[in-house]
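Okay, so here's the structure we're looking at.
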Amino acid sequence: MGLKARRAAGAAGGGGGEGGGGGGGAANPAGGDSAVAGDEERKVGLAPGDVEQVTLALGTGADKDGTLLLEGGGREEGQRRTPQGIGLLAKTPLSRPVKRNNAKYRRIQTLIYDALERPRGWALLYHALVFLIVLGCLILAVLTTFKEYETVSGDWLLLLETFAIFIFGAEFALRIWAAGCCCRYKGWRGRLKFARKPLCMLDIFVLIASVPVVAVGNQGNVLATSLRSLRFLQILRMLRMDRRGGTWKLLGSAICAHSKELITAWYIGFLTLILSSFLVYLVEKDVPEMDAQGEEMKEEFETYADALWWGLITLATIGYGDKTPKTWEGRLIAATFSLIGVSFFALPAGILGSGLALKVQEQHRQKHFEKRRKPAAELIQAAWRYYATNPNRLDLVATWRFYESVVSFPFFRKEQLEAAASQKLGLLDRVRLSNPRGSNTKGKLFTPLNVDAIEESPSKEPKPVGLNNKERFRTAFRMKAYAFWQSSEDAGTGDPMTEDRGYGNDFLIEDMIPTLKAAIRAVRILQFRLYKKKFKETLRPYDVKDVIEQYSAGHLDMLSRIKYLQTRIDMIFTPGPPSTPKHKKSQKGSAFTYPSQQSPRNEPYVARAATSETEDQSMMGKFVKVERQVHDMGKKLDFLVDMHMQHMERLQVHVTEYYPTKGASSPAEGEKKEDNRYSDLKTIICNYSESGPPDPPYSFHQVPIDRVGPYGFFAHDPVKLTRGGPSSTKAQANLPSSGSTYAERPTVLPILTLLDSCVSYHSQTELQGPYSDHISPRQRRSITRDSDTPLSLMSVNHEELERSPSGFSISQDRDDYVFGPSGGSSWMREKRYLAEGETDTDTDPFTPSGSMPMSSTGDGISDSIWTPSNKPT
């Protein structure tokens, strides 16, 4: 019962200490752990004095060297307990069972497989011995064919074959077993797959054939004699010497690499053979062979097959001499084709020889390159561990777990360890002498760590631990649970011996983790630089050919980079294809025309659906596009600012000179003064861009202000209105209806104000008072100048002007200036805003898409408002 409770207490304390670097275990060190310890002391039957002696003996060492405290059963329990430890990142305990036997089994299996299938080093000696055995069997089998050596060689051959059968049988069994180290040959299905390999089938066949030969021995019966011929099957054992087929692979690669050359040589040689054989057959088929007595014998070239035999022997430079041409014609043909055919028959031998030489050289170079694999793998591993040991990367845990299992961590100096060990042994001896249950008490105090060892050998004495113990690092981590428990006990008892010896209880493993990690980090940096240096040494060129190849590769890479850079530069600075159609010719006869594709309402940078050509996507094309946009914006801003300044100037003039005064003597005097001060009249220059007679390109007319509607439209013909037209009431009644239209619309010059000076009126009856219903010439002159100012608004409506980027709002409200004693609506109230009828570019070339307002298109204006011209309507 006490043992189970101690396990639970140790597990609770260890879990709290190991979880977050002492956070859980140190939360209540004097409360929970002390209470649990007191309960366990009562359960195991310890007296208070015994506990104090044990604490006095073991308290000072718990937080300094845990390996000495655990050595009581550490050797035995290390083989059986599940290894648990806390990682360098203070994670939860990890359970990683070490399968030493399994690893050893796999290592031996891999070693045997490599020795039999991929021999290197000492394994080549075994294969050389097998080759000598096979060669000896073959030599003895040849000697048995001699009568004088048949008996002796037969006896030795029987012994050697028996030995070879055992050797080859054991080797075959080892091959089948060792093949399990490969993933594709694991299990009985994988072993069957391995046994179906060609060389394994050859071994099985030779073993089966050798067993009956050895069984019958040297008997003289017919069965034994017939079975002895199977001994020559041992020649097939020579094939098994090259288990990996390197020879055949080399020959096959040479033939495949020069297959076209070989086919060409064999093809031309075959054509030469059949042609020469046929011609010699035609010439020599009717020539009989003469013997020594002069008698005729059968012809040497009786058939075409005889001629082919002669051609093959001759062109292959063998020359048996059994068949030769007898006539001079045949000899001439044979000599001619021999000079041609021999060269082509000998050509494949040279091709194969050069191909094999090149392949051998390539294999040597490949072996040289294979030497880079290990340094490259070491460099990659060192680079990863150098990266994984970055203290800022808290998510990389696997590398720290690796060091947890391989790093030996000596906590103290050697002299401190020896002194502490000797002093602890003395104290433990005194405790054991005073209390025979001391050893059991120690074991039960450390039950969470050494349960199995305490149960089997409770009276084992602790032994000092050397600094090379592989379990020291992991064991020290497991001591944290006891360290927290011991710190709580020391806090309650106030052990003076701890203070005298100068060891603090707060010296835990967490204090050493940053130092250990920094040391590991430094080692990783050094190893990374070392492996990098080794890898650079292996990059040295193999021969001059490698140097030339490296220079050639570098030159090609440099050329490709230069070409790429040149392409990018050309793309940036070379103008691409034009993004817009060709400019249209400017229209003749118009006072002012805009460049094509640059209408104020249709900006040049706005993409059009009708444009088929793609825009230039180069950097220079984009620069040009932005420059055009900025230029167009500048022109629009200049236009708007100029128009605004002109408008404000005229407003200031009107405010200054038309403000009503109370001291006006009479209408006649006022008109006289105004005539003296103002002599300029507003003129509107209209030009019809439509086709027609160019006699009057411009027409001048004057418009009185009382004939102007709210939006600047005239009720009657301007010429008639200036010469004593009807009253304003009658003029308002004659305003144009919405249904009236006009045939032609003028094109007004942009930003053009022409003031016609020195204009006088001959009829004094037209002059009226300044406050009468009829407008005086001075008022007409000023009002006409402001109401019908020939400012081209560049086809910009009110909304566009209000959104103008210049910041000037043309349609901004201003103070109403009243010109008249009645205080009613005056012309200034009606003309505060620029009328849409005053916009200019409503001609066909610049008419925007979509419906336009009637005031802009002129659909609601009659033809009588424009000056009559000679143009046909």
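Cβ coordinates come from backbone N, Cα and C, glycine included.
Residue with Swiss-Prot feature phosphothreonine, selected from Thr82, Thr847: Thr82. From the options 227-245, 398-416, 474-492, 740-758, the stretch Swiss-Prot describes as transmembrane segment is 227-245. The membrane topology recorded in Swiss-Prot places Ile108 on the side opposite to Asp322. Taken through DSSP, the topological domain 'Cytoplasmic' (246-257) splits into 12 helix, 0 strand, 0 coil. The stretch in 155-176, 195-214, 227-245, 328-354 that contributes the largest number of Cβ pairs under 8 Å to the transmembrane segment (258-283) is 328-354.
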